[in-house]
Amino acid sequence: MELYTALLAVTILSPSSIVGLPGECSVNVIPKKNLDKAKFFSGTWYETHYLDMDPQATEKFCFSFAPRESGGTVKEALYHFNVDSKVSFYNTGTGPLESNGAKYTAKFNTVDKKGKEIKPADEKYSYTVTVIEAAKQSALIHICLQEDGKDIGDLYSVLNRNKNALPNKKIKKALNKVSLVLTKFVVTKDLDCKYDDKFLSSWQK
């Protein structure tokens, strides 16, 4: 099962739905040094390209989120859209930012489009976000899903402030450093994506 489905299963579906994930996350993931936190943890990020490390991944998803950081804690609103089922998913995540300033592990709740909690976070599951590179309007992150502290699946995500943009040279260079090829990624502008910018913008107020 692809990571996106697993992430949603943790908060929305039965936890048993995640059985069959590929296992350990990538080990060559290094957080960016001297990340400009004020710039990264602001505004809305759109996922323009992603690579699910599960070779059996088939479902397609669109993703956007609005992360905020204050006092060493990251709080973010997350929006997923399943292209196949045409279903939208709303979540909010919270977790501590590590001392390097570019990595955090969070648990997330299921909410409605107005941000009202529907289901609290399951303490058994968490996800770790590592900012590998961030430059101007683009970024590269790695997401790892854990169950009881053990890795169960991961993906790489190229972000941009513009939902239809291409990654800049710095992001492409970062991909090369972790031995990834952009042509292997799913390009979300080729999908019939739907976004809920109102949900994310309300989180920013």
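Heads up, the Cβ atoms here are built off N, Cα and C, so glycines get one too.
What you are looking at is a predicted structure, and each value in this text was computed from that prediction instead of being measured.
Feature annotations, reproduced from Swiss-Prot:
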- Asp52, Asp154: histamine binding site (BINDING)
- His80, Asn91: heme binding site (BINDING)
- Cys25-Cys144: disulfide bond (DISULFID)
- Cys62-Cys193: disulfide bond (DISULFID)
- 1-20: signal peptide (SIGNAL)
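A sphere of 10 angstroms centred on the C-beta of Asp154 (histamine binding site) encloses 25 other C-beta atoms.
Among the recorded positions listed (Cys62, His80, Asp154), Asp154 has its Cα nearest to the Cα of Cys144 (disulfide bond).
Cys25 (disulfide bond) and Asp154 (histamine binding site) have their C-alpha atoms 5 Å apart, to the nearest angstrom. Using CA atoms as reference points, the binding-site residues His80, Asn91, Asp154 were checked against Cys193 (disulfide bond), and the closest is His80. Comparing CA positions across the recorded positions Asp52, Cys62, Asp154, the one lying closest to His80 (heme binding site) turns out to be Cys62.
Note on the disulfide-bonded residues Cys25, Cys62, Cys144, Cys193: the fewest other CB atoms within 10 A surround the CB of Cys193. Over all protein chains present, the Cβ of Asp52 (histamine binding site) has 26 other Cβ atoms lying within 10 Å.
Of the listed binding-site residues His80, Asn91, the Cβ environment within 10 Å is emptiest of other Cβ atoms at His80. Nearest to Asn91 (heme binding site) in space, judged by Cα atoms and limited to the recorded positions Asp52, Cys62, Asp154, is Cys62. DSSP gives Cys25 (disulfide bond) a coil state; it is part of no helix or strand.
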